[in-house]
Every structure is written in structure tokens, then in C-alpha cells.
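Listed in Swiss-Prot for this protein:
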type: ACT_SITE; residues: D336; note: active site, nucleophile
type: ACT_SITE; residues: E371; note: active site, proton donor
type: REGION; residues: 459-479; note: region 'Disordered'
type: SITE; residues: D443; note: site 'Transition state stabilizer'
Amino acid sequence: MTQLATGKATPHGATYDGHGVNFTLFSAHAERVELCVFDALGNEQRYDLPGRSGDVWHGYLADARPGLRYGYRVHGPWQPAQGHRFNPAKLLIDPCARRVEGELKDNPLLHGGYDEPDHRDNAAVALKCVVTADRYDWEDDAAPRTPWGNTVIYEAHVKGLTYLHPAIPSEIRGTWKALGHPVMIAYFKQLGITALELLPVAHFASEPRLQRLGLSNYWGYNPVAMFALHPAYACSPETALDEFRDAIKALHKAGIEVILDIVLNHSAELDLDGPLFSLRGIDNRSYYWIKEDGDYHNWTGCGNTLNLSHPGVVEFACECLRYWVETCHVDGFRFDLASVMGRTPAFRQDAPLFTAINNCPVLSSVKLIAEPWDIGEGGYQVGNFPPPFAEWNDHFRDAARRFWLQRNLPLGEFAGRFAGSSDVFKRHDRLPNASVNLITAHDGFTLRDCVCFNQKHNEANGEENRDGTNNNYSDNHGKEGLGGTLDLIERRRDSIHALLTTLLLSQGTPMLLAGDEHGHSQHGNNNAYCQDNALTWLDWQQANSGLTTFTAALIHLRQQIPALVGNRWWEENDGNVRWLNKNAEPLSAGEWENGPKQMQILLSDRFLIAINATLEVTDIVLPEGEWHAIPPFAGEDNPVITAVWQGPAHGLCVFQR
């Protein structure tokens, strides 16, 4: 191979042009950057990157081809107190690599050193990047662009969703191919969801602590390479990108959007005890928030925090997001611990990354969803994200659980959450879709576990049940665990029905956790991040088909109610909503605050949700008109009701006139 030509500062990463490969690497504080390429036997050849444009180092390797394995050695000061941890003995991966080979093992050779650098070379065990070529036929693929008002999100794990599906060929279960299989497409369509939100798909690693315990990071919130797909979800690592795009193309043909859960808040380099394999050795001071003593600000709980206010890191983040949209045609993102995106270090709505996203026509036109908190001071920012972000609404989650399971929430607060939490989100010209309503998510109890367990049971995680939240607002209905008498099972079923109805018929954007429509249980584990086993995999053969039918009917019903799909704030006397007591009269101030947990919600003047959240059977006088129950509440004998509905304890029904 020849020596490197100067090359260009863009595009980011390694780019094949048909004749050779252009390499770029951002580092504001490096003194020298070596490109290291490896042959099939692992022999290494090094080249200095000859070009530097601002803080971007670059070079062009003629005759290089896709499949070339490479990494970097970056030279500069080892000054931990100042935040500099350059160590050319350690091979580093390209932060913009499209494919990474190897597994990040718990190996002391991957550590960079503490007060002094570790001079042992680690190329033999280090991760390697692989040059790729982007050739793919999207055919007539088009983004569904489902309006927010019609959007119903389904949060799922690529492997857990399909790994036990008996109708999918065993050799592709748990992969992208399974995700796009006709059986899954048909299921999504039958259920009625419009968007599939996938837990992290970018290349991730298991933390050393988990490796030592014989566990693994199942969820994927420990990113190694943010542009590269996680190889375990591919049938073949060489074709991972095409397999992923095939799945997206199939989902798009069915009108289903794909939203990626993306982790921009930290990296798998963790704290100072963690490995040095990329950002830490490339430009630690720029990429991370550094304390005065050189340690990391740990606003993520993962050991480090990316500095998304630094211009170079902002550009890195935006380029990453654009890659997933432009190259993979994804339809949006859910941002993990998204308050980090707005830290300067204080949270600001005009933070550099927010401004860059808003000014980018590619990124500002896709769905953007924030998990609106981190664990640092001032990290809880629910309601404070700028447009066009929507946000996970934990107020809704807790209120729904408290109302139906704890029975200690006033009608007024329940109604406020049902109406889209305008007290939280009706600002800065935001619409009700800004509230992403959820009862459950990957993090926490499943819906079934909410009605079967009062306490978490996380012993399998190896932390003596200390991990996971204790604030579950759950109710086991008198017996801890699954199973029980017929009466117990029926009461739990009624609670599940009430929670699902609240979720799917409320103002805002509903998000359903995959498996909740099956009755999936994690046996009380509310932090199953390290359980890559039958505890988290959906068991399709044991799925509760009746509950699935109930859920699908609710989603279909939602799409028929103008007040829910219009994505407009409800105003008094606008015909969208009326709040009534059990006698079909407007609720009084006293009833809002201290009345019995009984009410009627009239939507679009035609759809009535009658609620009896008490423990007693109650007669509820319906408003004037001829009412009949509608699916999924209609039985075989569905007479017209003109006066009174006998509301069962802890029950509800939806009528239409």
C-alpha cells in the first residue's frame, strides 16, 4: 500500500469512493494521529494522518477496499488531572465506524492507566473497525409519516420480541430478518400499532461487572460504536446493515414507522476503572464532561457523561442521527437520559445540540422523543424540552397506576393526565402529542407484574435486590406472585383492562410495551437489563390471546374518536370532552378533589367512558341517548342502554350513541 494522501475533512469516518478510502477523526487536543490497518493475519501497518482541518485529522489511502480492518493510535499528553488520557499503546476504534469486529471483554490490556499510562500494547485483543461500502436498493421505500395524532408506539427488543416465536424459522429468530418477517408484519397490523420503537440497536457491550457475574447487558444501553449495528441481531455480521434496512423497508410497506432508542449520553468506557477503546483516548477532554480533578461528571449513572455542548461533539451527534435517517430510513428517535442533551452544564432549551437539531431539515422532520431526565442535579426536566420533542410522561404513568391500583388519586389529577397533562406540556406552542403516555416500559414492571407483585424481585440481577425502583404503585390484589383463585385472576384482569383503556383512550401519544398485550411477566423483576433469557423473551405460545384481542380493539377504537386523533388541546365547550359524575351531571369542585372514584368521560359527544374505580358495584346514570357498549366491551348480547349501567367494582365500560 502507498502512503496516505491528505484526503478531505468530510464525510465523517471511513468512506470508500471506489478507488480508495478517506479517513477522518475529530480530536482537538491530539498531537499526532496514526491510522492502523490490519491484514487477515492481524499484522499491523501504521500511517500518520497527514491532513488537519481545524480539529479534524484526515488522510486518504489509495487502493484500500471495503472489508479493510482498521483502528487509530492517538498521541498527546497523559495528564489525567487536566482530563487528557492519550495513550498510543492502545488501539482505538473510530467513533463513526459503520461496523466493528470483536467483543469488548473484561481484559486489563484494555485499560489505559490511572496516574501513569499503561504501556502494554493491546492490538491483539482490541476491537477493530471495518470499512464498509454503502450499496443498497431501497426500491420505492417511502416514510409512512404517520400524523402524531394517529401514532401508537410499540416498544420492543429486537431479540426478545421474536426469539421464541414458533412461526418464524429458528435460524432467524431474534434478528432483523425476524423483525421484518411476514408473520411479524401481520401481527403488528392486526394489533394496530403504527410505530415500532426498538431498544438500542447500535453496537453495545456488557459491563465488566456483568461479565464477571456471568450475565450480559440485554437492553443495550452501553454503547460502543454509535454508527454501527449490534452484530448479534444479524444473521451475518457482513450483511447486518442490509438485513436491518430490509426490515425497515418491509415495515414501511406495511405503514409502520421505526423509531430507534439511541444512547448519546454516555459510552461503554464507563468510569476511570473502565476500558479505554475510543473517545477517552481520542480526545477525553472534548468528548466528556470533566470535573476539576480530571474525573468524570456522572450524570448518567454509567460512569461518564458525553459533553453534548462541545461543538465537535454536537457535530458528531448530529452526524450520527443523520446517518440513521438518511442511510437507514428510520423515522425517529427516543433519546435515553435526554436531559444530558441540554446540559451546558445546566439544562437549557437553547442548548447547542437542541439548536442544531432544530436547524437541521433532516432531523427536525422526524419524530423526536425524550426520556426527560438524568440523575444529575437539575436533571428532571419533564415538560421542559423544546419543540419538536415529545417526552415520556411519568406523571401519566404514576397517576394511572395510583388511580386504578392504589386508589389514592383525586379525580381531578386523573382527568388532567387523561387530557394530555396540559399543565406540563401546554407551553411553547406544543401540542398534546408532546405527552408520550405510558403505563409500563422496558424499565420497570410489566403490566401483568403491576397487578401481581407489590415488591420487586430482582435477585437474579446479582445485586441482592437493591437495584430497580421501589416506587412501583402496583397492587398484587392480595397474593404476591402469579396464579391464584379464579376470583383473583378476574380482578387482576379487570385492572389490566382498566389500565390499558386509560392508556389507549387518553389524549396524547400512547406507548405500549411489547408483551403487555400478551400478559407477559418478568416474575416481579423490574430491572431486567441483564436478563437475556426466558424471563424477558416473549413466549408466544403462552400468550393471552383474549388480552391481545382486547388491546387491538382498543387501538382500533382510538382511531375512531376525533377528540383523540385531532392532536388539539381540549377546551371548555369545544365538543371534545365533558366530565360527568355518576349521575351524568358536571362534576363539582368537591367531587374533583374528594369525590368517589367514579366518573364519566364523554368524548366527541358520541363516545362515553364510564368509570367505577371503587370496590363497590355502582349504578351509573348515562347521559341522555341510546347507548350500546362497543368492542372490546361489547358482549354477544349487547342491548341498548338508555338509563343506567351497573358498574362492577373496579371496572369501566366504553359506550357509543
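Even glycines carry a Cβ here, placed using N, Cα and C.
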Query raised in the report: In Å, rounded, how far does the Cα of E371 (active site, proton donor) sit from the Cα of D443 (site 'Transition state stabilizer')?
Result: 12
Report summary line: Taking only the CA atoms, the spacing between D443 (site 'Transition state stabilizer') and the residue listed as 'active site, nucleophile', expressed in whole angstrom, is 12
Query raised in the report: Counting only other Cβ atoms and using a 10 Å cut-off, which of the recorded positions D336, E371, D443 scores lowest?
Result: D443
Report summary line: Summed over the region 'Disordered' (459-479), the DSSP helix, strand and coil counts are 3 helix, 0 strand, 18 coil
Query raised in the report: Helix, strand or coil at D443 (site 'Transition state stabilizer'), per DSSP?
Result: coil
